[in-house]
Every structure is written in structure tokens, then in C-alpha cells.
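I have placed the structure first, in the form of C-alpha cells, so that the comments after it can refer back to it.
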């Protein structure tokens, strides 16, 4: 099976707007898509349909409510179940309100008036999901997806007729071009207004230039111009935002439709296609690629509007200042390719960064998911080194791209100044004189066109290319092969005689490998037969089931299935939701049947102990359940379906023998006894009950027949599963076989008695509940900004940068002021020049060199300061991100294991992907942008006040209104932003959990239900996204309103004070004020943006302050050769996983003698694994544990953990070479590694790999079978050569042959070591030196197996007695043989420690 890929939302590398820029004065928001904050938990509401509506075959997915809602939910569920028989469609989330926009009037829509009630609510309290509005029907995921799918299917048909590859781009254009083309008209209107504004401005300035107090006609004209400008200001404010929202909506429609199509496709991929793609890649398509459309639609119209507008402006400038305008235009045209060159470099660095980020996240994903193992192996340091190395490379590319971005922003900041400088220098040198009108009309016209030419036009091209790449990637995915279900017809009606017939079957997983995965397999399964399939690891058992399911294509041979299939996968799959929804899986609830299934699958007791019974929420990938519980839920799901043929892939391996026996008798041979069943198993004790046994080996069918037939034909089961070499040693072999078969059934029979008689006695497993993710509230404190900046630079340096910023802004304004001053001097000169003619013909001229010189100096200062401040600021901000990442990672590595048990992987990774991505790439430029804009706004107001001091009077109330508005807006927007983030993660979690359970979903025919669920999650996200877009517009309209009031006041204020003002100052203040519209609200948007990103800083800071476990090294170092003997003593040890958690071990007093082999048994939850955790100090135990007389709690964790080897329960391999997996510190020679591999019989496997030891393993070692991974873990233990070995239930999913091999290796290679084995199968430990029986965290008995068996009342003896006479005898015999052997060979030395036996409470 494919390895589960963490749903960690793979960092959506947020689109890198190359747009950065000084400002989008007028289209402020054009290039900022709100950042999506991090994913949070499953399921907040994803409502999507009316309450009563339940799509066919859907269940109750109440999965997705937050844990807090549990009680309410239970009550509601009770009433629902009563009313409907219990199978309501689990709504994804809570009911939403109808959308007020549908019924709003025209003005309400233009001004976003209909949002007011929402803001009032948001101001009073925190917004929750039920406050969001339902998606407008035509925007629902299902409708959009199906519409786009129709166009795409049509395109595919057309393409196949025309013999070309289909083009997804065409389908998208055909689907959406009409409404989009209409919006182009708005763009045109807006740009026309922007070009006419400067002309009216010029007329007003002219009035001041030739001011005549007595000319009333001129005054009235000026009033008219002022009124016209005011009207333009208001129209721009209102119109822009309405049409802008419509543009964004088109983009989000395309995004949603493509997501729907991608998910639909993912559910249909065949196995070959699955090999070409990974869960990560599909998540990436949904998280990154589709987002390009959100951006693209905003800019696209500028591709034709931009050049058009530029042509018009050139014409107007020609009229105004003649051919000198061409000088400026040349500079402008030179800037365009420069910007796109920057863009090209930028995307080069972007791809570099992206691949480095991907590998960092992959490593992080493995570190976080394998944390328990890393800690037990004390491997933190090599992994830290790995991450640090990748991060170092990543930061250096990020720095380069940030510098580029800084230069780009600076060039944008200075562009206007350079253009004007060139234009006016040429103009003056050609012998023309300056005048205020000319100066400021030129300035305004350039401002109007510069944005489009240097910003939106290149952005449009860039977005178009980005979108093309994304379209191509999505298209490649949509063209992958789909599964063909022709081979296996799945008639939905019940068939009388269900059967499976297979003849001479050949199948290939991978055609490129020569050997088929299955060859020459034939059998016939009739109704009510049980077919057992056995064979060593990698024999093709699961492949056989896959071929029946239709997942594995049939190459040749006959495969006929009559009836409906159901399937329980080998790696239990649960999806996030309630336990009940996992079992019902879309079926109606039938209480009697449901009870029967729970009983048969031994889930009754577990559910009674859970806080919410079967309505308990299962976390991501079933994180809250133990392996055994997951396996039983997985089995219960298969059993509950009304099917004809049951395919069970090793459902018994993850549970202990007692439960296994119960499952086999009550469920497989009980509930299902009249159905045809195929059971893949490693548990040989159940074979006698099978009607037919099929033995596979390397894809061949070695033998087939009933138990007795196979025995008579001399096929020796265990030898099939054991080493070939051992076949000669018949007598030994027979004994081990008897033991294997009998002992297990012994244990299991006990359990079945137990489970039938006294269900209550089964001790419970504790279920860890998921901590809910913190959602920070309220505003961001100033101290956080200080902390953040100080992480990257010294305080003095920060002050220095501030100074440079202010100077740059002063130079920027001075340059314009100098032009105004020059024009005024010229004007005064012109006015006075007539009076100077006294006799000589002197025309006074200004000293052009002086004026030009100063002007050039100011321009140079603006450029130098502009560039310097950006480079400095980017450097500091990237360093801040780097410092934060390092602190966060350090803190994660030192966090106790409990932290990883209670926080899902996705949540932890989220901080490293989403939040770090924000701080690496988006934060620096947003922050720099914000400081620039902020200073510019201050500059505009400063200039206005200098010219018209009384303007302060109206500015103060406007400022107050604005501050109130911002606070009012932020209350709501922060909540919406958080909702947007919380509603987004379920989309990805749902995707990755569906991909992990793909075979199960398809076997159950539940594709449509999962598609509906996905659409529901998408719609929920669309609701918050819709609000996100509209509330931003609501705020922007109101901000621009405030600005237009300011502009109107300045316009009429100048006319009122017309007597005291000169033309230059009027020109300066008017041109500046007009740019305020757009710039002001952009600045405010950036400030909220920075504040929003500070939440990422806050979340990262939160992870830098996690509680850490004990230090890795302490002052007190044990001697280097410690432990020499391996004596382990527990003295009054109690242990609990969390500070307040229940005690899982209570007052343990136990001693393990040197070189002793001890088996640890007890039912699930007795504290076996906890004993191991206490020994490794995964949480600090109370009491004292000594190893060779050293108190473990006094030494460093690494000193302790490196001296003990563990073979863990779940074998974990890390991506990287085989060598890295065996020896991450590079301490061993090649020969040692090969020896270790040979001893665990993996040498041949590794030698067959293309790069041998250097072969890089696939994601989490998925190219090895579970059994092989277990062997790699054994090889690791061999290499460590420690005195103490702990084996933790390692044999749960390994066939007896591998099991025997592991046991044999442990006996030989670890003869000199103390070995503690936590066992599920008693045969592995029946010949141990002693057995420790745990019960509910206390020692129940502790002695030699044979001695324990002498006490008929002990738990251990009961297990053995109830196995039936024959098996019990064999077990007893084995124990006795071992006992006698020991007493014969024991030397006085052997009993050196026997006096210290602990009192064992019997």
C-alpha cells in the first residue's frame, strides 16, 4: 500500500508577487491576495446543502465538529436517531444563513451595504462558523465542477477527433469568457477617468498661474473643474471595488471548479497512475497551483488596456511639453523589460527555493512523524544537522530573491523620479522655461501611466505564464490513467450464490519488472467457504486481493466475481470523523445489527470507556486510537456492509491473541459464517478452521487444499514460512511448529472465553484526546514586533535603518518641491522681467545650471537612499525568519513525546510550512512595503499641511473616523481570516485521508459520497473566502470615501484661499492629494496584512517556548563502558504520560538480571509499552530506575538512550540512503553494515537495489514491505551493540518465518545482553528465562514460565489451560524443556542475583 502522506498542508508557497512595489496607488489590492493562515482542525462546519437533503449513499459525517460540541451533538444525535433510524447525513459543520447578497439592491451591492449586520455581530463577539453565509448556488463546488467537467470532456472528445492533445486552458476559457469580457468595460472606464484627471488638474493650476482677482468667469470655470475632479474621485472610489470583487470571484470560481475535478480524478486513478504521482503532489495542486487563478483574473485585462492607455498619454504629453516627453517614455520603456528581467530571475530563485522548501518539509514531516523513534534512538542530532543544512541552502536562495525583490521595489520607488528628471532636463536644455501647469500635468500623467506600464502589465504577463504552468500541471494530472472496472463486474443486487472464480491468473504491478506479482494462481471460492491465504512477507497475498478488487489489472487468465465485495485493508484505514461514521460508512444504522457487529469485533468494551462512546472523534489518521482499535474499526466497517464476498487482509495481526481469537471465532467464523470469505493471515493457528488454504510464495501458488490434505501431502506450513535451511532439522522444527500453532490458539481461546463470559474484565485502552489548536485572539502586542526584529538584528542597527527610511522619504518629497519652487521662481521672473529694461536690454534668466544641479543631487539622493534602505530591511527580515525557524526547530526536538501524541502532525508541520513560508517570503516585502507607503502617506499629509495649515482642522476628525473604522473592521476581519484558515484544512485533510484509503473507498463504492463530502468542505471554505473578499472591499470603499472627502476639501480649500497661494504649491498639494486615493487604503491593507502575518510570528514564538524534556547531557556522565552487565532495577516506579493523566504504571518493583531474557505479557492496556516508555524516560517516571547501579534520572537523556537498543512496534524508515537508515552518525564501516544486513537476511534484497547501500528509500520506506522494515530495525539494533535490548511487540505484522528469524537472531546475537520482549504471541517468549505478567499497571506475577504454569490460578496459566488439552501440553512441554535446560547449565554465578527477587503481589 502507499504510505500515508502527511496531510500537512504542504506549504503553499504563497504566490510570490513580483509585483511588490511602491504602491498600487489606484489598484491597491490588485496584487495582494490575502494570505491564508494556517490550517487548523478538522472540521469546523462545512455546510452545503439544505438540511433535509441527503445525497444518495451519504452518511452522517458529524465527524467534523469540534470536540467541544460533543455533548450537544450527542443530544441532537439521540433525537435524530430516534426520528430517522439514525442515518442522518452528517453535515459538515453547522447550518449557515442564506446569503444576503442575493437579495441586496444595486446600491447595496455597489457599497457592500449588505455586510453591515455581519460587522455589527463581529464587533460584539467572536464570529463562528454559523455566522457565515451560504454559498450562492451557482458558486457551489458541485455546480462549478460539473460545468467545467462538461467543457473538459467535450475538449477531450474534440481533441481525440482532431488527433491532438486536449488543452485544459481552452476548456477554462470557453467556460468563463463571457462574464469576464464584460468586466473589461469597467477597466476601460476606470482608465479613462485616470487619464482625464490630470487635464482637469492642469486647468485648475493654470487658474492660479494667471490669477486675476477680478476675473469672475475664470473663477467659475475653476469651480467647475474642482467639481469635476471631486466627482471623479467619488466614482473611482465606488466603481473600482465593485468590479474588482467581480474579477476575484471569477478567479475563485475557476479555482473551485478545478479542485473539484482534481479530487474526482484522484478517486479514479489506477495503480500505474498512482506510481506517477504522490499524495504530496496532489495536495500541492490543490494548495498552490489552483491559487494562481485567483491572481490571474485580476490582472489579465491590463494586457490590452495598458498599451492603449500608454498611447493616449504620450499624445497628451506631446501636446503639453512637446517632443521632450519622449525622453521620459524611453526610460519608462526601459523599465518594463528590466522589471520582467527581475521577474525571470525571481522565478528562477523561486523554483530553487520551492524545491529546497519541499525537501525541508519532507524531512520535517519524517522527523515529526517518527519523533518517538528518533528520541528512543537518540538520533536528534543527525536529523537536526540534516534540517539545518537544507535550511541553510534555502535561506541563501531566499536572501538572493529578497535582494532582487528589494531592488525591484526600490526601482519602482525611484522610477517616477528618474522619468521626470530625464524629461525635465531635456525640456529645459532645449531652451524651454518651466511653468507650474506643465510640471504638474506631466507629473500626474506619468503617475497615471506608470502603474499600468511598470506594474500591472508585467504582472499580467507573469501571472499568465504562472497560470499556464499550473494549467499544464493540472492537465497532466487529469490525463493520468483511470482504473478500469470492467474486469470485475460489481452487480449491486444481492446474488443468491456469491462466488469468486480464478483460473491461471497473471498480474503485474509494474510491467518494467520481469517477474509478475501473481502467476498461475487458480482457485474457486463458493458460498460460505473460508479461504485462508498464507505465505511469507512479500509473497503476493495482498496483491491477490487487489486483483479481485480490480485494483491490480489482470494480464491474462480468468477472474470472475459474483456478488458485491467488501474489503478490510492490511494497514487499517480510518478517516477523520466519529467512530460510528467510520463503521457505518454511508449505510443506514440498524441498531441490532450494529450492536452485533460491535460485539463480534470486540469493540463494545473500548467504546464504553471512550468519553463519547461511538461518537468519539478520531483525529487525523486515527491518531487517537491504538493500532488494535484501528484494526477492529477497520474490520467492523467491512463486516457492517451487506456484501456477498468478504476480503480480509490480515485483520488479526495488529491485535493481541486474545482479541484475535475473539475476532476469528465471533466475527470471521461467527457473523460471516454463511458468506464466502478470503482471509490473508500470518496466524497459523486458525488454519484448521479454513475450508481451503492457499499457499503463496513470490507470486506462485505453492500449494492449495484443506488443512488435512496439506498435512498429508507433507507440506510443512511453518517451514514454508521459516528458513529454508531449517527444513533438515526435523525434530526441532516439529516442536517449534506445534508451539507456534498451539500456543497462539491457547492464548486466543482463553480470550474467547473471557470475551464471552465476562466482557467487563477486558482492561481498557486509554485513548488520548487531541488538544484543540490554539487560535490566538485579540490584537498583536508591540512587544512581539520588538522581539521579532531583535531576533534578526541589533537594536542600534534597527534604529539606523529607521533613519535611512525617513531620509529617503524626505529626499523624495524635496525633489518635487524643488520643481515647484523652480517653476515659481520662473513665474516671478517672468512677471518682473518687463520692469528691468532700464536702458540696457537685459532679460534676467535663472541660473539653469544651479537649479538643474540641485535637482540632479536630490534625484541621486532619492535613488541611493531608496536602494540602501530596501537592501538593509530585507536582510534583517530574512535573518529574523531564519532565527525563528532555528529556535522553533530546536524547541521541537527537545519537546517531550507527549507533545507529538497530542498534536497532529499536520498542525506541527503547519508551523514549519505555512507560517515559515509567510515569514520567509511574504513578510519581508509586505513589511518593507508597509513602511514605504506609511511614510508616503505621512509625506502627503505633511505637504498639504505646509501649504494649507487650516486643513488640519478637518483632517483630525477624519483621522478619528478612520481609526475607529479600522478597529471596527479588524474585529471582524481577523475572525474571518481565522475561519478561512480553519475551513481550509479540512479540504486537505479530507483529500489526504481519502487518498490513503483509496482502495477501501473504491471497494465499498463510496466514491460519490467522498466527492460530495469534498464538495461540502470546499463550499464551506468558499463561504469564508467569499466573506473574506467582500469585507475587504467593504473596508476599501469606506477608506476611499474618506480619502475622496480629503481631496474635495483640498480642492475647494485652495480656491477659498486663492489670494495667498502661488501656483507651484497648489500644483504640489493637488497632485499629491489625488494620489492619496488608493495609496491610503493600500497602506492600511498592508498594515493589517503585516498584523495578520504577525500571527505567524506569534505562532512560531509559541513553539519556541515549548516545555522541554530533561537535558540531553548533564554534568553527571556515566562511565564510557557503562552498562557492562545490563542489570535493570525498577524501584517503586509509577508512570503517567501527562502531568495530570492517569497512572499507567503503579509502584512497580522489578529487577531484570544481567543477560536475562524476560518476556513481558499482559492484555492490551496492562502497561507493557508504558514500561518501555518509563525505561527510556519518554516522560519522567516517579520512583527510581537503576541500570548497573546508575540512577537513570540523573544522567542525560542521550547518555541513557544511546545505551539501550529498541526494536520498535512500528518499524520506521526515513527517506534517505539505506546507510543513513542504519547508521546516521556514519560511525560504522561498510563491512559492518553488510554483516548486519546479512544476519537479518536482507543482504540479497539490498544488493538488488540499484545503488546498494546508497539507494535512497521512498517516502517513509514504502518500497519495503512491513516485514522487511522490521528487519531493518533489527539490523539497527545489531549495529548498536548495546547491553540492553528492548523488543516492543515487533512481531505483530510479520509472518512466522520472519518472526522466527528475528527470535533466532536475538537469541544468538544478543546472548550476552539483557533482552526485554513485550510480546503478543506467547510462543516468542515461552522459553524466556522469566516472564513478567502485568495487569493494570501492576506486577501480577514474575517468574520462570514453567514455575508460573505450576500455579493454576495465575493469569498466565489460565491463558495456557484454556487453549485445549493438546496445545496446552505442547506449551507446557516447551516451557519444561527450557526449564530443565537452564537448571542443567546453571552455574553458581547464574543465581548470583536470585536473592533479590521482588515480592510479587499475587
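If you go along the chain as it appears here, the first residue is 1 and each next one adds 1.
Glycine residues also receive a Cβ, built from the backbone N, Cα and C atoms like all the rest.
The annotation compositional bias 'Basic and acidic residues' is assigned in TrEMBL to 13-47.
Residues or ranges marked as domain 'ABC transmembrane type-1' in TrEMBL: 181-445 (among others).
If you look up TrEMBL, you'll see 500-723 (among others) marked as domain 'ABC transporter'. Looking only at the domain 'ABC transporter' (500-723), the predicted model's pLDDT averages out at 81.
The annotation domain 'ABC transmembrane type-1' is assigned in TrEMBL to 799-1092 (among others).
Sequence annotations record features per position, and here TrEMBL assigns domain 'ABC transporter' to 1128-1361 (among others).
Per TrEMBL, the feature region 'Disordered' maps to 1-70.
The annotation transmembrane segment is assigned in TrEMBL to 222-245 (among others).
Here the transmembrane segment (298-319) has Cβ contacts under 8 Å with residues 30-31, 180, 183-184, 187-188, 191, 194-195, 198-199, 244, 247-248, 251, 325-326, 328-329, 442, 445-446, 448-449, 452-453, 456-457, 459-461, 463-464 of the same chain, all six or more residues outside its ends. What TrEMBL lists as transmembrane segment is 298-319 (among others).
Summarising the annotation, TrEMBL assigns transmembrane segment to 325-346 (among others).
Non-local neighbours of the transmembrane segment (410-431) in the same chain are 20-22, 321-322, 324-325, 327-328, 330-332, 335, 338-339, 342, 439, 442-443, 446-447, 450, 454-455, 808, 812, 815, 819, 848, 852, 855-856, 859, 862-863, 866-867, 869-870, 932; each lies 6+ residues outside the stretch with a CB under 8 Å from one of its CB atoms. According to TrEMBL, the transmembrane segment annotation covers 410-431 (among others).
Residues or ranges marked as transmembrane segment by TrEMBL: 443-465 (among others). Within the same chain, residues 17-19, 21, 24-27, 30-31, 191, 194-195, 197-198, 201-202, 292, 295-296, 298-303, 305-307, 309-310, 313, 316-317, 320, 328, 332-333, 335-336, 339-340, 343, 347, 412, 415-416, 419-420, 423, 816, 819, 1071, 1074-1075 sit at least 6 positions outside the transmembrane segment (443-465) and bring their C-beta atoms closer than 8 Å to a C-beta of that stretch.
The annotation transmembrane segment is assigned in TrEMBL to 795-814 (among others).
Non-local neighbours of the transmembrane segment (848-868) in the same chain are 406-407, 410, 413-414, 417-418, 421, 424-425, 428, 804, 807-808, 811-812, 814-815, 818-819, 822, 825; each lies 6+ residues outside the stretch with a CB under 8 Å from one of its CB atoms. Look at TrEMBL and you will find 848-868 (among others) tagged as transmembrane segment.
As annotated by TrEMBL, transmembrane segment applies to 933-965 (among others). With a threshold of 8 Å between CB atoms, the same-chain residues lying at least 6 positions outside the transmembrane segment (933-965) that come near it are 22-23, 805-806, 808-809, 812-813, 817, 1035, 1038-1039, 1042, 1045-1046, 1049-1050, 1053-1054, 1057, 1061, 1065-1066, 1068-1069, 1072-1073, 1075-1076, 1079-1080, 1082-1083, 1086-1087.
Residues 28-29, 111-112, 204, 208, 219, 222-223, 226, 229-230, 233-234, 236-238, 240-241, 944, 948, 950-951, 954-955, 958, 961-962, 965, 969, 973, 1066, 1069-1070, 1073-1074, 1076-1078, 1080-1081, 1084-1085 of the same chain sit 6 or more residues outside the transmembrane segment (1035-1057) yet have a Cβ under 8 Å from a Cβ within it. TrEMBL lists 1035-1057 (among others) with the feature transmembrane segment.
As annotated by TrEMBL, transmembrane segment applies to 1064-1084 (among others). Panel annotation: around the transmembrane segment (1064-1084), residues 23-29, 197, 201, 204-205, 208, 229, 233, 236-237, 436-437, 439-440, 443-444, 447, 816-817, 819-821, 823-824, 827, 930, 933-934, 936-937, 939-940, 943-944, 947-948, 966, 1035-1036, 1039-1040, 1042-1044, 1046-1047, 1050-1051, 1054 of the same chain, lying at least six beyond its termini, place a Cβ under 8 Å from a Cβ of the stretch.
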**Asked** List, by number or range, the same-chain residues at least 6 past the transmembrane segment (795-814) whose CB is under 8 A from its CB atoms?
**Response** 413, 417, 789, 858, 861-862, 865-866, 868-869, 872-873, 876, 931-932, 935-936, 938-939, 942-943
**Close approaches to the transmembrane segment (222-245) from elsewhere in its chain (Cβ under 8 angstroms; 6 or more beyond its ends)** = 26-27, 29-30, 109-112, 183, 186-187, 189-190, 193-194, 196-197, 200-201, 203-204, 207, 298, 1029-1030, 1033, 1036-1037, 1040-1041, 1043-1044, 1047-1048, 1051-1052, 1055, 1074, 1077-1078
